Amino acid sequence: MQKRLTLLGSTGSIGDSTLDVVTRHPERFAVHALTAHRNGDKLVAQCLRFAPDVAVVGDAETAARVEAQLRAAGSKTQVAYGKQALVDVSKSDGCDTVVAAIVGAAGLAPSLAAARAGKRILLANKEALVMSGAIFMDAVRDHGAILLPVDSEHNAIFQCMPRDAAEHGGIAKIIVTASGGPFRTREPVTLASVTPDEACKHPNWVMGRKISVDSATMMNKGLEVIEAHWLFGLPSERIDVLIHPQSVIHSLVSYCDGSVLAQLGNPDMRTPIAHALAFPERVDAGVAQLDLAQIATLTFEKPDYARFPCLALAIDALEAGGVASAALNAANEIAVDAFLSRRIRFTAIAQTVDAVLSGLSNRTPSGLDDVIGADADARRAATAFIDKLPAPSVERAA
């Protein structure tokens, strides 16, 4: 039977990779809904190719433009817009599988709606777990949803773990690998002069600009540690980070008998996406087979927390509990946006997050409203902190 997909964030890099896999297996997968924020032209092209029942965009103006283009092309795809429309297509009876690939906090509500509707969720939006881990996992359990990780690291861990609970599997720890990003060997004193274009040039992966900056600061890896905690039920002291510049080993699981299982593959997001789409089966992802003889050398090193303070801040937030992770994520989103807009220096991203967490009145959230409130408070605090920072130099901003 065909799986019917709602693809949240179809115009991003994860969306592109997902649709590439779908194209290879039309007998297995059909598209119910595609969503984008404002990239209407690309969404129209996707709709004309995959003929979804529904297309969702962020605002009325984009919706009107998309609908006009679709009607002119003879498409019957219905067009909706706004936050509620995202929730609606995520819980719709027209789909059984939701690929959650919206970047940032905007992906929380539709991902949670999919969980509460008992959907099969392919989770690429790590913020859903970073912001509301306990709430999200409770919804998955209580409503019979199936949660499959799409992030390459978490998908690798999932493949290396037994199907029963972590506490019964003899697991000693999980090891999340990281490339180290574009600045792994760059002199720390020069990081203040990093430009957005430099930060977005990842050595191994093709990603969107926001996640590329997160990789450059290693905040992305910190968020992945938090996500791993919720996905696999392990405390922070049993989750290690290991720098692996070649991005061939995507993560490892260490067992109490001394065994270590690892998942290897070329750095291509189509592999974990295809695994999650077809699970428990396997399908062709269009990815070349790994040639270890050609690679020849795999190297590893411990992370430098002084070079990457965002990684340390994320682990601190996980250990603090409460709404600290939600505040961390919100402050980081504001800071990264400011950096990409050339309003702050690269090094000010960590400074902003640190300032927000230092001023946080932490508390245990009683529900989603508390999480959303903490997110809003952190965004205001981050914005206020950034407004007080000196503007970057003219040379850098040019």
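Start at 1 and count along the chain as shown; that gives each residue its number.
Every residue gets a Cβ built from N, Cα and C, even glycine.
The feature NADPH binding site is assigned by Swiss-Prot to T11, G12, S13, I14, R38, N39, N125, E127, G208, with sequence analysis given as support. Neighbour density for S13 (NADPH binding site): within 10 A of its CB lie 19 other CB atoms from the protein chains shown.
The Cβ of E153 (1-deoxy-D-xylulose 5-phosphate binding site) lies under 8 Å from the Cβ of V176, T177, E224, A228, H250, S251, each on the same chain and at least six residues away in sequence. According to DSSP, E153 (1-deoxy-D-xylulose 5-phosphate binding site) sits within a helical segment. The 1-deoxy-D-xylulose 5-phosphate binding site feature in Swiss-Prot is assigned to K126, S152, E153, S179, H202, S215, N220, K221, E224.
Annotation comment: Swiss-Prot describes D151, E153, E224 as Mn(2+) binding site.
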Which listed residue (R38, K126, H202) has most other Cβ within 10 Å, given these are binding-site residues: K126
Inter-residue Cα distance where the pair is K126 (1-deoxy-D-xylulose 5-phosphate binding site) and R38 (NADPH binding site), in Å: 21
Least Cβ-crowded entry, counting other Cβ within 10 Å, from the binding-site residues listed as T11, N125: T11
Those binding-site residues listed as D151, G208, N220, E224, and which of them has the most Cβ atoms within 10 Å of its own Cβ: E224
Integer Å distance between the CA atoms belonging to S13 (NADPH binding site) and K126 (1-deoxy-D-xylulose 5-phosphate binding site): 15
